[in-house]
Each structure stands twice: as structure tokens, then as C-alpha cells.
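Colleague: Before anything else, here's the structure in question.
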Amino acid sequence: MSGSTWVPNNDPSSDFSLANIPFGIISTQSDPSPHVAVAISSYVLDLKVLVSEVDLTPIFTSSSHADVFAQPTLNAFAQLGRATHREVRRGLQDLLAADTPYPHLLRDNAHLLERALLPQRSVKMHLPMAIGDYTDFYAGYHHAFAVGAMFRGPENALQPNYSHLPVGYHGRASSIVVSGTPVGRPVGQMVLDPSVLPKQPTTGPSRRLDIELELGCFLATPNDMGQPISIAEAEEHIFGYVLLNDWSARDIQTWEYVPLGPFNGKNFASTISPWVVLADALEPFRTAGIENQTPLQDYLKQSRPDNVFDIQLSVDLTTPEGDTTTIGRTSSKHLMWSFPQMIAHHTLGGCPMRTGDLLGSGTISGPTAGERGSLLEMSEGGKKDVLLYGMDARTFLKDGDSVTLRGFCGVLGARVGFGECRGRIYSAMPKVSES
């Protein structure tokens, strides 16, 4: 099979090359019910239409599970397991390759081609999974150190447990939204002047609204309650990956998080990219994560050193006036903990994971100033302006600002990317009077 596709208008800079084939949920003018598709170049291939029109048995035996492509989420497909995901992806790559051995099934079938291969701009994207639970970790070492140093000094930047286990907290699945969904500025309690004692909170819209550049991981197959997932088995429980912006209200978070951790400062919205990049598509881009010199408990020890991915990540901020500035670039290789380690730790006590559960990596930052994944770091806690195009600046987000995360691996013509993870901030509604 060649590395190129017969799909027209093939853009070499597209995130969705033949090497990728990510899965998502679309609806169309002719079929408004959400269903499964894959992305290829600037098009989507409607799998519901495809499997209803042609016999795909020559491509993959999993065509017997064709009903999963008519479902409104990817959960049913994900639950079939990694072997099936692999077979379906490879079959679709064969179907879409420039030298496809099956030209009659789609490429030369004009009637089907018109109905099944659609411009991406003509379809509506939906949340890819029904998300039962969401756990956010804190695996980005440089972010954890920078924020810890900001509040406790560099000598005490990391808590004693940080290098022993992947720290995490349970987030709110109900407020996870797909890219393009507007995000309202949250209202909550905050302390405007921490130097005044006793501390007196006020209630109002957050004044320190922030972003968090993260990688999200969707689970494929569940485990039974009381049965941990071993580190050796964890990879087989992973379906794929998305970009994740875990919007954060730093002023609300600072006041509320002691002693039980984040709550309203984190639960108002988290945005994910709509296309799930399958785990197999990222295999060629494995690399070693940040070295952890602490001896690990046996259940966290991985046999392979290349346990994370080198995904090139970026953050763009667009002002209400339409000016866009890239405010950060980094890589997902700056993680101390891998997703298999997160899964092994999450289930150690017997916690049952379910198909569609989402794990967040935590904010990913690099070691230098241009590689930071949050405004909290970029502005040094609000003390320093982040300069934008057109003589503008930010410490935290203003109403009308749009933030777009992007990520990709590979070279032109063979990119494996995620598309956009985008959200625009609108003013807090309904307004709550300050007291």
C-alpha cells in the first residue's frame, strides 16, 4: 500500500493523512442523526453510509459489526477492542490508498462516492464518546514544578508523592464539550486580596480564567470491579487520544481547593478535539518521557522506556478583534507519567473503568519560557504580560478571546494530527452580584 491517497484535493499539511484515519461522530444535512465517520485530508468518510451500501468483507472481517457505525457515539466500536480497531483502520487505509486493491468498492463507485465522501466543512461534529467518568492527572513535570515553585518556592515545588505515583483528581464528565462550543466565564467565590486577614471571599465572575494544554486518553475496554489493570495490560485498554483544554478559574480554584482539591474552579467546562486518533496511529512516534529517578512500586514499572509520544503541540490565542498569536509550543514528551501508568494506578484498588472514560494528562509544558501550557505559567501568576499581536497583552483570558489547541506528529504528507480543539469565552451569565 502506498503512503498517499486517491482522495481529491489531498493537502500535504493536513492532520488527516492516510497514516492517521481518526474516528469521530458526525451528522449531515441528509442524515441529522449522529453517526460514525473517519477523517481523510479535508474530507470525512461516512462509515454508516459506506457499510450500508457495500460488502466490506474483503477488507475486514469486522464488517459483521457494521451496526456500530450507525451509533451516536464511538463507545460500541471502542468496546470491540484494539485488535478490531487495528483491523478496521488498516482496512480503511487499503480502501483509501492511491493504489487501493479495492477500487470498485469506493474510488470508482461514483454513486457511493457522492454520498459517503463529504467535505469536512459540510458536516457537524459531535462529542465522540459517551463519557461516564473523567479523571485529570498532573503528569506534566515542568508545569507541576513551575506552579509549585510559584506558590511554595523551588525547594518545595513538588509534593513528596509526586515522583512516586501519578497524582490525579476526579473531574466532571457532564461539562466536557466538543471543539467549537462556546465557554461561559464561571462565577464563584474568590479572595481578591489574599494579604488581608482574615481572608474574606466575594462572589462574582472569575477574573483569572486560564487554559490548560493537555492530552486526553479514551478507554476502550472495561475492567471488573475489584480487578486492577496491570501495567502490562493497560495498553490494550486504550482506544485513542484527543486534545484537551481543561479550562481553569485560578482565583476560584485557589480559594476552594484546600483541603479536598479542585471543584468549581475546574468543573464548568473542558473542551476536547472531535477526532479520536487511534493508539496504533501514534505508535511510530513513541519516545521516552521525563526520567523519574525515584524507585517505583512494582505495579508502576514499565518494560519499555519509550512510554510517551512526541506530539508537537501549540496554543493560539485569538482576540475579539480577530488577531491571532501563537503563545506556546511544546511536546507531549514532557510527561513524567504515561497513560498506562495512570491506568494501573487508577485501578490499583479495584476501581472499575468503563468504555468511554476519559483520562487527562494534566497541563503539558516544556522547560523553557516559550513552551508553557497555561497562562498561569506564562504570566508568572498574573505578574507579567503575555504579549500578543497588535500591541495587545494578556495575563488571563478576556471575554471574546478564543483559544485553539493543535497537535500533530510526522512530516508533510504523512501527518498524524488531531485537528483543532477550540473554544471562545463569553461573559458570565446569569450575572451574580458580588457580596
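The backbone N, Cα and C atoms fix where each Cβ goes, glycine too.
The annotation active site, proton acceptor is assigned in TrEMBL to H143. The Ca(2+) binding site annotation in TrEMBL covers D136, E212, E214, D246. The substrate binding site annotation in TrEMBL covers Y138, R152, Q253, Y257, T363. Taken from TrEMBL, the feature domain 'Fumarylacetoacetase N-terminal' covers 19-128. Summarising the annotation, TrEMBL assigns domain 'Fumarylacetoacetase-like C-terminal' to 137-424.
Looking at the shown structure, what environment does each listed feature sit in?
Modeller: Around H143 (active site, proton acceptor), the C-beta neighbours below 8 angstroms that are at least 6 residues distant in the chain are G362, T363, I364, S365, R372, G373, S374, E377.
Around E214 (Ca(2+) binding site), the same-chain residues six or more apart in sequence whose CB sits under 8 Å from its CB are D136, G140, L243, L244, N245, D246, G360, S361, G362, T363, I364, G373, listed in sequence order.
A coil conformation is recorded for Y138 (substrate binding site) in the three-state DSSP classification, outside any helix or strand.
Mean predicted confidence for the domain 'Fumarylacetoacetase N-terminal' (19-128): the pLDDT average there is 96.
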Colleague: Between R152 (substrate binding site) and E212 (Ca(2+) binding site), find the distance joining the two CA atoms and give it rounded to the nearest Å.
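Modeller: If we compare the Cα positions of R152 (substrate binding site) and E212 (Ca(2+) binding site), the gap is 21 Å.
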Colleague: What other residues of this chain sit with their CB within 8 A of the center of the CB atoms of D136, E212, E214, D246, the recorded Ca(2+) site?
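Modeller: Leaving out the recorded residues gives L213, L244, N245, S248, S270, G360, S361, G362, T363.
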Colleague: Other than its own, how many Cβ atoms are within 10 Å of the Cβ belonging to D246 (Ca(2+) binding site)?
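Modeller: There are 25 of them.
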Colleague: How many whole Å apart are the CA atoms of Y138 (substrate binding site) and E212 (Ca(2+) binding site)?
Modeller: 11
Colleague: Compute the C-alpha separation of E212 (Ca(2+) binding site) from Y257 (substrate binding site), stating it in Å without decimals.
Modeller: 17
